[in-house]
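Contents: one structure, followed by commentary.
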Amino acid sequence: MGQLWEFLSFAEPNIRYVTFGSILLCSSAAVVGSFIFLKKKALVGDAVAHSVLPGVCLGFILAGNKNPILLIAGAFVTGWLSLVTIDYISARSKIKEDTAIGLILSVFFGIGILLLTYIQHSGNAAQSGLDHFLFGKAAAMVSDDVNIFGGMAFVLIIAVALLFKEFTLISFDVDFAKTIGFPVKGLELVLTTLTVFAIVAGIQAIGVVLMAAILITPAAAARFWTNNLRKMIFLAAAFGGFSGLAGAYISYIAPAMPTGPWIVMVISVIAFFSFFFAPQKGIVMKLISRRAMAHQIQEENVLKLLFQLGQEDKNYFQQRSVGDIQARRPFNTKLLLSALERLKKQGFLEKGDDRWQFTQAGQKKGARMVKLHRLWEVYLTRYLRIAPDHVHEDAETIEHIITPDLEAKLEKLLEYPVKDPHESDIPYL
Amino acid sequence: MIQQVEDPAVEVHDLTVTYHKKPVLWDIDLTLPRGAIIGIIGPNGAGKSTLIKSMMNLIPHSSGYVRIFDSNIDEVRPQVSYVPQKESVDWDFPASVMDVVLMGRYARLGLFKRPRKADREVALDCLKKVGMEAYKSRQIAQLSGGQQQRVFLARALAQEAEIYFMDEPFAGVDAATEKAIIGLLREMSEKGKTVVVIHHDIQSALEYFNWIVLLNMRLVASGPTQETLIPSLLEETYGGKLTLLAEVGNLMHKKEFTGRDKR
Amino acid sequence: MDAFWIILTGSFVSISCGLLGSYLILRRMAMVGDAISHAVLPGIVIAFLISGQRDSITMLIGAGVLGVLTTFLIEFLHKRGNLQTDASIGVTFTWLFALGIILISAYAGQVDLDQDCVLHGEIAYVPIDLWITSTGKIIGPRAVFITGSVLIIIISFIIIGYKELFLTTFDPAFAAAIDISTAMWHYLLMGAVSLATVASFESVGAILVVALLIAPPATAYLLTEKFLFMLILTAFLGIFISVTGYYLAVSIDGSIAGAMSTIAGLLFALAFLFSPKEGIIITWLKNRIIKKELSESF
């Protein structure tokens with residue numbers, strides 16, 4: 001705990017630099033990455049990230065030391081070249097895009113590794129720390145680096161803010177953008193350039209190998225929380241920034257650990273949490289709402305059945321046992337009992353001596369279910385020309401989903417029929 | 001006008017198919033006669049491909065069932081042949097015309113076994129029937145659209161099946177190919193084979209098919225061509241969707257409605 | 001002799017990867033191959049931690065399980081979570097790879113693996129790690145036997161399932177219509193890819209495996225239109241890459257795996273430019289000649 005306070009107090013100027021640098025880098029990458037995600041180019045981002053390695057090495061070979069400007073320039077050139085090559089190969093041959101991405105990614109990275117090992121074996125003392133570009137080392141940033149990389153991140157955020165509308169459009173519908181006279185090629189070029197920029201800026205903190213994650217994962221996570229693009233980008237930036245902060249902290253307390261994998265771990269945990277638990281879109285939330293739907297269907301079926309029995313006996317408020325209900329329709333006993341209990345809680349049923357009976361509200365709702373079922377049967381026979389003996393199954397499903405609005409439309413369209421196709425009465429209230 | 005037949009080649013019973021929880025076919029209930037050339041006709045998005053794919057059980061049914069020759073599809077698979085839309089495969093694939101036609105024999109071969117000389121002879125024979133024997137070692141990318149369609153047809157013939165499902169075999173082919181294909185279909189029908197074809201053009205449908213299925217998310221008509229291809233039914237098929245049906249469909253999609261309660 | 005063992009291992013690895021890669025690129029699943037090769041890392045490390053040694057069988061199992069699990073997870077996120085495919089691939093494998101690297105760093109003392117090995121393998125050390133029987137007899141480098149057995153498994157897999165793999169790759173809908181299980185062959189193929197990746201992992205590392213999976217078949221794809229020939233050509237390209245890659249690495253004192261990928265990329269570039277049918281330069285020349293003839297004939 002002491003370490004955390006020491007870290008958060010930013011007493012050491014170096015911690016301050018590194019922390020703000022990492023946050024800025026990760027959040028700016030997440031902002032640009034949001035557009036890459038929306039353009040469905042996540043894997044291209046991965047390829048570019050790997051492809052900056054040979055550029056960094058060439059920059060080093062040219063400079064003879066770790067001159068940040070030359071390293072960045074080198075990274076920029078090869079990162080950019082990889083994008084152009086991927087497009088060129090998939091446009092000019094029968095090689096498909098995914099193959100071109102994998103090819104360029106691995107070959108460029110291979111060349112990078114070859115150059116890196118060559119430099120390492122060449123005995124140049126200045127090379128130590130060059131391998132930090134592979135997996136990132138936020139703590140190794142010195143104030144000059146932070147100024148340069150942080151400055152780049154700042155430029156990125158400003159550029160995206162200025163071109164927000166344009167990027168949104170080219171991510172959503174390129175053809176439309178063309179027809180309204182947007183300089184689509186130019187804009188794509190700017191977005192690509194910014195992407196390479198973001199990757200180059202991020203390699204100090206995350207490294208080339210896992211850089212793609214910080215571009216894509218925050219956007220993918222944010223997408224699960226909102227349908228609003230602005231909110232999504234802010235959220236992605238916040239997720240990215242938080243993982244940058246966490247990465248810087250881990251770099252501080254555990255110097256042996258590379259920063260990149262930890263940043264990716266933090267952002268991945270956020271992402272998987274979002275995939276499963278985000279309201280509405282999350283996988284678990286979907287399962288829960290599906291369960292609620294299943295409950296609703298069981299309840300409505302029970303009410304409908306009680307109403308039908310009442311209609312036959314001409315007594316809607318007779319008490320009935322579980323056996324009575326099951327004699328008509330073989331519900332699973334456990335499911336039936338829990339549905340009955342829920343209906344009691346909702347005030348549709350009353351219970352006495354293990355026997356159940358309608359309340360006024362319950363009888364009304366049961367009547368509505370029977371009406372919907374029979375109306376739908378009429379609709380199917382009249383409008384879909386389905387034989388009367390074939391309509392029951394479908395009505396069993398649809399009756400649960402018809403809203404009051406649709407109910408009114410259905411009644412009007414069918415002109416309030418009194419009998420269903422099997423000559424049973426349709427109950428109106 | 002929905003006419004049912006005795007001893008049908010295909011029996012579809014109360015079939016509902018959903019895509020992403022949204023119904024694309026509602027309660028289809030029809031029977032198709034044996035030995036007929038059957039055209040399935042309807043506007044874009046009517047669910048024509050979906051219907052034949054679900055007849056072959058390639059996509060799951062939400063409810064209902066399909067029987068082919070009064071059996072479960074899995075029992076009669078070897079007798080069922082499928083000609084997918086041309087666009088469904090990658091024509092840059094490194095395969096020759098002969099390779100593709102031989103695929104029609106795979107169903108008979110089973111695991112481990114290689115195509116034998118007899119299989120090659122059948123394949124060559126089928127290529128002759130579609131007039132493509134001269135192209136047998138040609139790479140498939142070098143074929144024209146019509147030729148690719150003929151190759152697909154030859155592959156289906158090589159299967160020596162009893163019933164053929166074809167997804168728009170006339171789309172993007174030249175007039176000569178279209179004529180050749182329809183000649184072949186007639187020949188097959190004379191041998192008692194049943195052919196189910198998805199088709200776009202109403203003009204030629206009158207001439208090509210002896211049984212018509214009109215479809216637009218729901219079954220509008222199924223019966224002999226003369227009785228089904230009439231203005232009132234066509235208008236119903238192409239005259240737009242049933243709004244109420246579409247609304248219920250959208251609602252099911254939005255709520256991810258899962259269907260009936262499991263008893 | 002050392003050079004011979006290294007080149008032999010390299011060839012085994014590149015043939016295994018190239019053969020499976022041929023299917024991957026035709027199925028448009030090149031990036032799933034990439035994802036699997038990254039994602040097997042935590043499997044290897046966990047197997048290491050459990051068995052406490054470089055026990056190949058445990059490692060193969062651990063990584064194989066992770067590999068197939070990765071494909072499941074990618075499909076699960078895509079189908080159940082409605083996450084677009086590229087993102088579900090990207091998120092899944094970066095996460096698993098990061099997990100692997102963290103485990104390696106955390107258990108640096110216990111795990112005989114380091115970041116360098118993950119990135120470019122240790123094919124140079126192949127001749128050192130010998131397989132010695134209980135009687136003390138030296139049989140040969142262990143890696144040669146492991147990669148050799150994996151190659152045999154993969155070749156048998158392809159021979160047995162040739163028809164089915166071919167058909168499910170070319171036209172899955174038709175395959176399903178004649179009752180060939182596309183899902184089964186899909187997962188068998190993914191299992192084989194995991195196996196090949198993990199066997200190659202120690203030699204060439206996680207990322208450069210991808211170069212061997214994709215580059216040789218992509219090159220062969222440009223040079224031939226016959227599938228069987230594409231497989232054979234891929235195998236020969238694999239051997240060529242191992243030999244030239246080794247000597248390139250030795251001559252500039254760099255990583256052998258890095259040099260092999262460099263050569264693989266170079267071969268692709270040559271095919272891309274000069275392939276008799278598809279090559280960019282050849283097509284350009286042809287067009288020029290046609291134009292010239294046309295202008296002369298008038």
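Cβ coordinates are placed from backbone N, Cα and C, and glycine is handled just like the others.
Remember, TrEMBL labels are computer predictions, not curated facts.
Per TrEMBL, transmembrane segment is recorded for A:15-38 (among others).
Listed as Cβ neighbours of the transmembrane segment (A:43-63) (distance under 8 Å, sequence separation of 6 or more from its ends, same chain) are residues 33, 36, 70-79, 81-83, 86, 98, 101-102, 104-106, 108-109, 111-113, 115-116, 119, 127, 130, 133-134, 195-196, 199-200, 203, 208-212, 215-216. Marked as transmembrane segment by TrEMBL: A:43-63 (among others).
Sequence-distant contacts of the transmembrane segment (A:69-89) (same chain, six or more residues past either end, CB-CB distance under 8 Å): 44, 47-60, 62-63, 95, 97, 100-101, 103-105, 108, 148, 192-193, 195-197, 199-200, 203. Look at TrEMBL and you will find A:69-89 (among others) tagged as transmembrane segment.
According to TrEMBL, the feature transmembrane segment maps to A:101-119 (among others). If you look at the transmembrane segment (A:101-119), the same-chain residues 6 or more away from its ends with a CB under 8 A from one of its CBs are 43-44, 46-47, 50-51, 53-58, 60-61, 78, 82, 85-86, 89, 95, 127, 130-131, 208.
Look at TrEMBL and you will find A:146-164 (among others) tagged as transmembrane segment.
Outside the transmembrane segment (A:176-199) by six or more residues, the chain places 28-29, 32-33, 35-36, 45, 48-49, 52, 75-76, 79-80, 83, 152-153, 155-156, 159-160, 163, 166-167, 169-170, 208, 211, 215 with a CB less than 8 A from a CB of the stretch. The annotation transmembrane segment is assigned in TrEMBL to A:176-199 (among others).
Note on the transmembrane segment (A:205-225): residues 21-22, 25-26, 29-30, 32-34, 36-38, 42-43, 45-46, 49-50, 52-53, 56, 109, 112, 132-138, 141, 149, 195, 198-199, 231-233, 235-237, 239-240, 243-244, 247-248, 258-261, 263-264, 267-268, 270-271, 273-275, 278-279, 281-282 of its chain, located 6 or more positions outside it, place their CB under 8 angstroms from a CB of the stretch. Look at TrEMBL and you will find A:205-225 (among others) tagged as transmembrane segment.
The transmembrane segment feature in TrEMBL is assigned to A:232-254 (among others).
The feature transmembrane segment is assigned by TrEMBL to A:260-278 (among others).
Counted with DSSP, the domain 'Iron dependent repressor metal binding and dimerisation' (A:359-427) comes out as 45 helix, 2 strand, 22 coil. Look at TrEMBL and you will find A:359-427 tagged as domain 'Iron dependent repressor metal binding and dimerisation'.
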Task: Residues of the parent chain within Cβ reach of the transmembrane segment (A:260-278), under 8 Å, 6 or more residues beyond its termini - done: 22, 26, 135-136, 205-207, 209-211, 213-214, 217-218, 220-222, 224-225, 239-240, 242-244, 246-247, 250-251, 284-285
Open item on the list: If you average per-residue pLDDT over the domain 'Iron dependent repressor metal binding and dimerisation' (A:359-427), what number do you get?
Closed with: 86
